[in-house]
Amino acid sequence: TQTVSLCQSCFGYPVSIFFIVINEFCERFSYYGMRAILILYFQSFLHWNDNLSTAIYHTFVALCYLTPILGALIADSWLGKFKTIVSLSIVYTIGQVVIAVSSINDLVDFNHDGNPDNISVHVALSMVGLALIALGTGGIKPCVSAFGGDQFEKGQEKQRNRFFSIFYLAINAGSLLSTIITPMLRVQECGIHSKKACYPLAFGVPAALMAVSLIVFVIGSGMYKKVQPQGNVMAKVARCIGFAIKNRVRHRSKKFPKREHWLDWANEKYDEQLISQIKMVTRVMFLYIPLPMFWALFDQQGSRWTLQATTMNGKIVSSNSSSPLPLQTVNAILIVILVPIMDAVVYPLIAKCGFNFTSLKKMTVGMFLASMAFVAAAIVQVEIEKTLPVFPKGNEVQIKVLNIGNDSMNIYFPGKTEILNPMHQTSDFMTFSADKLTSINISSTGSPPTPVKDFEQGHRHILLVWAPNKYQVVKDGLKQKPENGKNGIRFVNTLAESFSVTMGEEIYENVTSHNASEYHFFSSGRKSFTINSSEIAQHCGNEFETSYLGFGSAYTYVITRKDNGCLEPIVVEDISPNTVSMALQIPQYFLLTCGEVVFSVTGLEFSYSQAPSNMKSVLQAGWLLTVAAGNFIVLIVAGAGSFSEQWAEYVLFAGLLLVVSVIFAIMARFYTYVSPAEIEAQFDTDEKKKYPEESNPYPKLDSDLQTQL
């Protein structure tokens, strides 16, 4: 170990850690800022469909959590943590610059028409950029936290514990700011020959922050305590484990005495210090086995919980709010608040009460809180499903009838008859079994009934009628609530000629007579629209405004003519807006974030404190791999189980984590905390000295130090 002699300190902490914390803040800003707009870049710039965009996005995220093991091996076996962080940060910065360049619309737009002439160039550059970013961010992940832990001396366990809390705070502060700022930068317009969404700026700012992160880290170089790598540690570990297993198999006969630990069968070839270090790592890795289940629930914030939010009313702040509160930022906001509260208030208070709240106990509580968060999510989902519209199943047909004529119409359904006055509709969509619905008959007074049969199974339909033998069946394109809380609007033309409608950037072209347009989707608020038709008299206006659009609704605007000859839009509600407030999600976010604070922050510190000096980055990488494993669990459970009700899936995940937390608590009960530094110091004083057979090579810590851990 090369120790830099420093007399400077700030509040009892090494000055060097402040460079590391600033470095982490800038790096996380860079990563999450880029990721916040990545899928939009795929869809709107590269023009990929939803499935391809989602597949590439999740592949990239998975790579970011698989590459930490590579960075850890390079750090602990070859370059050391400092050089690994610097080298891979350079790769990382280049990757961010490459993806920023790939988003420049004018790069290959030689004819200046606003569209790239060769989209393959942009695709190739973006894939190269993402590959470099995945290697860079994943490679430095396990090194930065471990490098920060290296800065503390023996006896600074309390300061080191608090450092990991500050470190986690920096991660979430960077994430919070970037996920707010970069989408704002994206919606700006920029370009040389044509003005488009400003992806170069939105990607360029994270690239600049990554460069700042690298510069800040290098500036602190002279202050760092740097632990030199000790050769190819992982190769030694693999050979030692392989020899122990092979030797145990060769000596499985009862005539050979048993040994205390299966790794002790490597004593004939490998020194006791290496065997002791491997024992530390394997015992911690064994504790990691249940941990992916926590991340399986935690990472559903960005998937299942986001989808849940789209079926809710986003007006949280005030009744005049026109956009939903981005609840994805709630987690980061709560962490910024809760980390210092836990560290400065809750943990000291628990310690004063005499409760030995060790690291593994904290992690168990965190898992329990995450389980309860999903119970809360299930309760909210039950309330949501009470308000959701019913859509037809595969063998069902749903029909709503709208009379757009001037006379009353008789509608004969199987088992019931309704009389519709002009410009009136049936109360709601009616559901019929397709095999029992032979036809619907329409007629007016004194006219024979006309059968209508053009209905497709598994779809909603609106039946437009305006005379006994004149009708139009319009298949509704909606099979679920509009996505992302948007509102669907379509127009019905009751005039004799076609018209077009312009609403914002959307254009409804050529809406033919006695027919309906397709739905276009809009965010909440009031929207203005213009009707363009040759039938509009000069003294009449052609500009109108919608009623207030909430979240997740759908409307049909029937364009008819008033007595004075001017046009008049009549609103028909197809799907009611969401009524369950998104504020009901806050308790589940609060519970999950509390669980994350006591689980994740503690897990980082525990992984560092229980790892031998030459394998700290490797154990940090193992901790990060549990995140990747958690995502696979989501895919397996969600794919294997066919849930007709979403709340049932939430309950399943809550139950699984509750069972896993009990198993983890039992495993933790039998874990003995060790001090790797003390064990290694004993070996260093006398390398030839061996532990007596009856002694325990893992001395128990005193109660005060165990509480700190």
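Each residue, glycine too, has its Cβ placed from N, Cα and C.
Feature annotation from TrEMBL assigns transmembrane segment to 29-49 (among others).
The transmembrane segment annotation in TrEMBL covers 55-73 (among others). Counting residues 6+ beyond its ends, the transmembrane segment (55-73) has Cβ neighbours under 8 Å at 31, 35, 38-39, 42, 48, 84, 88, 130-131, 133-135, 137-143, 234, 617-618, 620-622, 624-625, 627-628, 631 in the same chain.
Within the chain carrying the transmembrane segment (85-104), a Cβ under 8 angstroms from the stretch's Cβ atoms is held by residues 27, 30, 34, 41, 45, 71, 74-75, 79, 121-122, 125-126, 128-137, 139-140, 143-144, 147, 199-200, 202-204, 206-207, 210-211, 213-214, 217-218, all 6 or more beyond its ends. Per TrEMBL, the feature transmembrane segment maps to 85-104 (among others).
According to TrEMBL, the feature transmembrane segment maps to 119-140 (among others). Beyond the transmembrane segment (119-140), the same-chain residues lying 6 or more positions past its ends with a Cβ under 8 Å from any Cβ of the stretch are 27, 31, 34, 41, 45-47, 60, 63-68, 70-71, 74, 84-85, 88-89, 91-103, 107-108.
Listed by sequence, the residues of this chain that lie at least six past the ends of the transmembrane segment (161-181) yet keep a Cβ under 8 A from its Cβ atoms are 13, 17, 20-22, 24-33, 36, 145, 148-149, 151-152, 205-206, 209, 326, 328-329, 331-333, 335-336, 339-340, 342-343, 597, 600-601, 604-605, 608, 708-709. What TrEMBL records for 161-181 (among others) is transmembrane segment.
Residues 4, 6, 8, 14-16, 18-20, 22-27, 29-31, 33-34, 37, 41, 82, 85-86, 89-90, 92-93, 96-97, 99-100, 103, 147, 151, 178, 181-183, 185-186, 188, 190 of the same chain, all 6+ positions outside the transmembrane segment (201-224), place their C-beta atoms under 8 angstroms from a C-beta of that stretch. What TrEMBL lists as transmembrane segment is 201-224 (among others).
Annotated transmembrane segment per TrEMBL: 280-298 (among others), in sequence order.
Feature annotation from TrEMBL assigns transmembrane segment to 330-351 (among others). Remote same-chain residues near the transmembrane segment (330-351) are listed as 162, 165-166, 168-169, 172-173, 175-176, 179, 301, 357, 585-586, 589-590, 592-594, 596-598, 601, 707 (criterion: CB distance under 8 Å, separation of at least six residues from the stretch ends).
If you look up TrEMBL, you'll see 363-382 (among others) marked as transmembrane segment. Counting residues 6+ beyond its ends, the transmembrane segment (363-382) has Cβ neighbours under 8 Å at 291, 293-294, 297-298, 304-305, 308, 580, 584-585, 587-589, 591-592, 594-600, 602-603, 606, 645-648, 650-651, 653-655, 657-658, 660-661, 664-665, 668 in the same chain.
Under the heading transmembrane segment, TrEMBL lists 621-644 (among others).
Packing against the transmembrane segment (650-671) from elsewhere in the chain are residues 283, 286-287, 290-291, 293-294, 296-297, 300, 304, 360-361, 363-364, 367-368, 370-372, 374-375, 377-378, 381, 637, 641, 643: each is 6 or more residues past its ends and has a CB under 8 Å from a CB in it. What TrEMBL records for 650-671 (among others) is transmembrane segment.
According to TrEMBL, the region 'Disordered' annotation covers 685-709.
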